[in-house]
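Annotated features, as they stand in TrEMBL:
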DOMAIN    187-331  domain 'GAIN-B'
TRANSMEM  334-356  transmembrane segment
DOMAIN    335-591  domain 'G-protein coupled receptors family 2 profile 2'
TRANSMEM  376-396  transmembrane segment
TRANSMEM  416-440  transmembrane segment
TRANSMEM  447-470  transmembrane segment
TRANSMEM  493-516  transmembrane segment
TRANSMEM  542-561  transmembrane segment
TRANSMEM  567-590  transmembrane segment
């Protein structure tokens with residue numbers, strides 16, 4: 001309308017978009033790309049035609065609200081009565097992440113400021129606004145909304161506003177495609193009360209949900225009261241997008257607003273995923289902690305198509321309910337057992353590997369090549385040992401909401417040391433190429449060590465620091481529910497996956513080069529036989545460890561793309577947890593020179609022990 005000019009949106013959802021006033025006197029920044037001036041819309045509702053202020057202490061000219069409410073006072077009054085004047089502006093806007101965030105903020109402000117007497121008209125307009133961002137076709141856009149709690153804020157806002165709905169003739173029914181609100185008058189003589197919903201979940205199917213207040217609960221009422229229930233067929237999927245792991249919502253979300261006397265309700269949910277192997281878990285949304293809580297509900301029956309839950313209602317804590325898709329607790333128990341046993345064996349194996357290297361060090365590091373080979377192996381074992389210990393510590397602080405800083409620190413060092421493991425493997429591969437291809441170009445031990453340290457720890461440090469610096473300011477560093485790199489929102493996990501898989505590919509190429517070179521008689525002409533033997537020994541280590549590491553993190557990627565596959569999860573847990581044992585086996589125990597040096601050290605120790613006994617006598 002000439003009062004505000006908008007600079008075109010950035011193509012990046014996470015980039016800041018600048019909104020600049022025509023006279024350059026104020027500026028406003030949004031979290032993500034948006035074209036809705038939500039503050040103006042809210043001010044239109046409460047100011048009756050003028051916007052005295054927008055932003056903090058930034059005066060601006062009154063806005064002509066004819067665009068929203070019409071030119072006459074009658075339509076302006078209607079706007080304040082039912083918010084209808086802002087509906088066309090909102091419904092015509094695309095449901096992009098920035099607009100979603102702004103609409104959630106608008107609904108929150110309306111709920112806090114204008115929920116005194118909620119008429120049918122207000123509730124209908126409110127539902128139409130919420131329905132716009134609950135559409136099943138734009139669920140994926142929620143993943144790019146900067147505020148991770150946006151979906152729970154929306155849920156709490158709708159619950160608060162709908163709870164103040166005034167009932168006309170003892171009942172109310174306000175239906176939109178993706179949000180439905182029903183209200184009934186109840187009293188102690190009511191023979192139980194049922195709220196039944198059948199709503200669209202996607203373009204091809206509907207799902208149902210039912211809320212029932214038992215008769216014995218209604219007997220607790222001292223006077224006629226009202227009961228409100230709100231159904232959200234798509235909100236569960238949206239909340240799953242925002243809280244990805246380990247939450248898998250398998251039904252609609254049902255919210256209720258009841259008198260304080262009522263404490264228990266029955267709920268029936270139709271399953272979205274109706275596979276027989278998929279078990280259900282009845283849960284309530286803990287408003288204070290922002291998570292699903294299974295302590296508030298019990299399963300009464302669990303069929304292939306539907307679940308019946310008996311849940312505790314609390315007007316401040318437990319007001320919204322749903323079912324989670326649980327791959328049964330057995331899966332978690334199996335994976336937990338494999339991980340614990342595997343990590344224990346891995347830590348012991350790595351400690352034993354380092355102990356053996358300490359014992360045989362002087363026997364197996366007589367040449368530059370063998371020295372660097374064992375030097376790299378020690379750092380590989382040390383990096384994985386520290387990573388395994390950090391993995392255990394990270395599991396203790398996995399609640400990212402309560403221990404965010406600790407979780408960030410644990411994830412950073414996990415990322416760093418897992419990368420160090422791979423980059424030291426790369427150092428081994430480059431050492432092989434140096435020994436085979438640069439036979440007449442000698443490099444001193446100090447230079448080799450400096451280069452190895454730069455690759456082994458320098459590169460991981462740079463990648464880890466850049467990853468946390470880029471993603472953490474946008475709350476996109478951590479994976480929801482675990483102390484590990486985010487995948488679904490910022491793809492921070494690529495900062496580990498890409499270097500790791502690239503190094504695996506490079507080392508496989510190195511192994512192929514060794515096979516080709518050692519198969520030619522010309523190699524023997526340029527290389528000393530001892531150096532060639534050492535190169536072959538190192539190549540065997542790389543050839544054995546590289547596929548193991550590649551398979552491990554290959555299955556790790558598979559668990560991301562197919563979260564329901566138990567086989568992928570078990571295989572990844574086994575390979576990941578037993579990496580330390582593989583390093584001990586392939587790097588130390590299967591190396592002939594190391595075994596001989598260990599045997600010599602043992603014999604030497606026995607001789608010393610025997611000599612000590614003779615001297616003592």
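Every residue, even glycine, has its Cβ placed from backbone N, Cα and C.
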TODO: Over the domain 'G-protein coupled receptors family 2 profile 2' (335-591), work out the mean pLDDT and round it to an integer.
DONE: 81
Open item on the list: Quick test of the contact rule: Cβ under 8 Å, at least six residues beyond the ends. What residues does that give for the transmembrane segment (542-561)?
Closed with: 421-422, 425, 428-429, 432, 487, 493, 497, 500-501, 504, 507-508, 510-511, 514, 568-569, 571-572, 575-576, 579, 582-583, 586-587, 590
TODO: Using a Cβ distance cut-off of under 8 Å, indicate which of 334-356, 376-396, 416-440, 447-470, 493-516 has the most pairs with the transmembrane segment (567-590).
DONE: 334-356
Task: When counting Cβ pairs under 8 Å to the transmembrane segment (416-440), the leader among 334-356, 376-396, 493-516 - done: 493-516
TODO: Helix, strand, coil: count each for the residues of the domain 'GAIN-B' (187-331), based on DSSP.
DONE: 19 helix, 74 strand, 52 coil
